[in-house]
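*Asks:* Input: one structure, supplied below.
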């Protein structure tokens, strides 16, 4: 029951509060002129409201510059019970209005110029302009200009400009023209002409601005070289017809984009509305203040509808309040209305309508418009997040493909291999046919896709483009575009920030980075024993120790294992046989077995015991892995001749002083090092700018020649694409080392706001998608290369081994053969000496002993007696020592007869 009771109570209270919300909301209006376009916009906006509550206007026509009259009308409307007031103010009355609004908690919605106030009850419909103005001045790189302003608008914009000028060292001459007469204008512009001041900012309302521009035309200060920035949100509200053919540039801001869907729809409804109330409206160019007025009415309607949905009671009961009471009594419901107004957000005539906690517009967009001799066009837009964003020429520029096609454009470029080169027989051709190269073909493809005629012209100073730090003037191809001497630049022109500020670039047609060029070092010849390189010397030592260790272990296990011993039978006499235990794995046979297994040649003996076979098996496995690994690496080590480079990276350059290094004297590479904040590059820049003699060169060709003649003592820093190209040209003595120091791209450049920018950009993207850009690079870099290797089309070729690669193997073979001959000779001498000594002893024994020896020598070689008396052989069994055949005929003297006795005679 308690829950049901609470539910009904809540519903009842909500119904009571909802019922108390007024169906009619009184709103005030303070206008300077009943016939003004703003007044008509106010009434039209009210007529378009259909949802409750209904807004009932209390409109007063007032002199907005008269503080007394403004106070009287404001208090009069407040006493009549208005919930909010819409109106205008001027510099003389703004402080009074903000003071009353803050004291009485009455919301004042205004399209007048923004003021810097903390009063949250003043809702400012007009966006602030100072940040956008500073962005445009910075965009044009103005360092010295005149600021003409109207003091009636307040000084907030001027103050912001002066503060920024102090930070950026701008030279600003501020001129107040509030009371300037026609003669004053003449003297003003004469004085500016004497000082060569042709860059002017004009900060005035539209009415006064039209008068100033009229004086500019009358005094003929609208010729080529003059540039005016209009600090006004209604560029399209101003009559600029007489500026179209004058040659002067005029830049300004447009708050309302009447080509958008919502503004176009509202303007059509307004045009078709009651002609009796809106006959004085200029439908061709409605003013931006009228659009702000329309949005202001909608802001109030949205706020009161929100309060109604929330069932917030804002009804004014009893006394409506005394405006001049002392002390002032604030209206209790004013806070609720103020919060509701600041929370409104919608898409209106002036774009996104939204307010911050101070009642100022936020998240808005301003369109930047420029007028030159060829018409009006949008050059970009500005918002609080992105600041100024340049845009390609759109429909407002009045430029189209037909205008592009109806003239011959000047394409500036630079002689640089392989981008632009004179043909060998260039004197036999004329015009563009004299040149060949990557950029020559690229320019032809771009012209074919865009559909224009062009003429190639080589830049006179032979430079890419940099700004002089003293005169601030641009040279090279960038200067040609900035000063209107060329229409397009098709060259290896790097896209950089400082260049992008004064010219426009297409999407990159080639990606690259700064690289290091050095003279190619001599290839290192392989050593005599380079066949040992696949394995480290530590591994070879371990293999030797493993070989000896395995041989010793095999010898030991063969001795200890009873299964390694076996019996051999032999005849001792005609009717008697004898058996003996033998073991084939003595120490030398063990070494021989291990060596044969390691060389994968095998041996005529094998282990018989399980322990011996385990030793042999693990040794075979070991040699299998080692030999396989060695063989896998041997080919690479024998066929590759390494070049030992003195440097491998920028870090190596920075930490040494023996090798000098430099860049192009005027170009993006030098600018990169000058602006870099990376420690290594800062160190390199410090060295380069102070090196003696200078390490900078005027052209890339000069840098290449310096590298080749320096004998490895100079490194040249340049774009990787050019480095790769030079590496493919004879005499093939330069090379690129290390990776790229940065990442950037080459782009096709056009003047700021050129009608060619968008078509050229689309053409570059299309050529990239078709693969033509890669095809052109392969053609001019690698297909025409002179060093036999290069791009992706090059095929790997197997290098033939030279004698130096395998000389060590032959040395070992020859050494082994010589060692074998030497060992054989030593064995022969040793054996001969041993037998000679033995025979001398044999000749001295008695005849009976000789006969006995002869008798025993006729027995089989391996007799039991011989085995017991002779030493053990290699395989551990007894052997008899027979006389060599050469010794069997040696004569001996008998003691009894003194006659020589030969063995054959016995």
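Cβ coordinates come from backbone N, Cα and C, glycine included.
What Swiss-Prot records for 1-18 is signal peptide, and it gives sequence analysis as the kind of evidence. Here Swiss-Prot flags 19-536, 631-805 as topological domain 'Extracellular'. Residues annotated as N-linked glycosylation site in Swiss-Prot: 63, 249, 257, 363, 401, 406. According to Swiss-Prot, the disulfide bond annotation covers 75-323, 732-787. The L-glutamate binding site annotation in Swiss-Prot covers 492, 494, 499, 668, 669, 719 and rests on similarity to another entry. Per Swiss-Prot, the feature transmembrane segment maps to 537-557, 610-630, 806-826. Annotated topological domain 'Cytoplasmic' per Swiss-Prot: 558-584, 604-609, 827-906, in sequence order. The compositional bias 'Low complexity' annotation in Swiss-Prot covers 863-872.
What does the local environment look like for each feature on the list?
*Replies:* A sphere of 10 angstroms centred on the C-beta of residue 63 (N-linked glycosylation site) encloses 13 other C-beta atoms.
Counting every protein chain shown, 16 other Cβ atoms lie within 10 Å of the Cβ of residue 75 (disulfide bond).
The DSSP secondary structure for residue 249 (N-linked glycosylation site) is strand.
Under DSSP, residue 257 (N-linked glycosylation site) is assigned to coil, being neither helix nor strand in the three-state scheme. Neighbours of residue 257 (N-linked glycosylation site), defined as other CB atoms within 10 A of its CB across all chains, total 18.
Taking Cβ-Cβ distances under 8 Å and a sequence separation of 6 or more, the neighbours of residue 363 (N-linked glycosylation site) in its chain are 352, 354, 383, 384.
Shown in sequence order, 492, 494, 512, 513, 514, 515, 669 are the residues of the chain, 6+ apart in sequence, with a C-beta less than 8 angstroms from the C-beta of residue 719 (L-glutamate binding site).
Tertiary neighbourhood of the transmembrane segment (537-557): same-chain residues 564, 585-587, 590-591, 593-595, 598, 607, 609, 611-612, 615-616, 619, 622, 626, selected by CB-CB distance under 8 Å and a gap of 6+ residues from either end.
Summarised as a single figure, the pLDDT of the topological domain 'Cytoplasmic' (558-584) averages 68.
Long-range neighbours of the transmembrane segment (610-630) within the same chain, counting only residues 6 or more positions beyond its ends whose Cβ lies under 8 Å from a Cβ of the stretch, are 534-535, 543, 546, 550, 553-554, 557-558, 560-561, 563-564, 585, 593-594, 597-598, 600.
Under 8 Å, Cβ to Cβ, and six or more positions away along its own chain, residue 732 (disulfide bond) finds 520, 786, 787. Residue 732 (disulfide bond) carries neither a helix nor a strand DSSP state and counts as coil.
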*Asks:* Name the residues of the same chain, 6+ apart in sequence, whose Cβ is under 8 Å from the Cβ of residue 323 (disulfide bond)?
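*Replies:* Expected: 74, 75, 78, 79, 100, 104.
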*Asks:* Which one is it, among the glycosylation sites 63, 249, 257, that lies nearest to residue 668 (L-glutamate binding site) by Cα separation?
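*Replies:* So, of the listed glycosylation sites, the one sitting closest to residue 668 (L-glutamate binding site) is 249.
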*Asks:* Using the recorded L-glutamate site (492, 494, 499, 668, 669, 719) as reference, state which further residues of the same chain have their Cβ within 8 Å of the centre of those residues' Cβ atoms, listed in sequence order.
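*Replies:* Not counting the recorded site residues, we get 464, 493, 495, 496, 667, 744, 746.
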*Asks:* Quick one: DSSP breakdown of the topological domain 'Cytoplasmic' (604-609) into helix, strand and coil?
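*Replies:* Taking each residue of the topological domain 'Cytoplasmic' (604-609) in turn, the totals are 0 helix, 0 strand, 6 coil.
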*Asks:* Rounded to an integer, what is the Cα-Cα distance in Å between residue 499 (L-glutamate binding site) and residue 257 (N-linked glycosylation site)?
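*Replies:* About 30 Å separates the two Cα atoms.
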*Asks:* Looking only at DSSP and grouping its letters into three states, which state does residue 499 (L-glutamate binding site) belong to?
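*Replies:* The residue in question, residue 499 (L-glutamate binding site), is helix (DSSP, three-state).
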*Asks:* Give me the CA-CA distance between residue 249 (N-linked glycosylation site) and residue 63 (N-linked glycosylation site), in Å, as a whole number.
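*Replies:* With the alpha carbons as reference points, the distance is 36 Å.
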*Asks:* Residue 63 (N-linked glycosylation site) to residue 257 (N-linked glycosylation site): how many Å between their Cα atoms?
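*Replies:* Counting only the Cα atoms, the answer is 31 Å.
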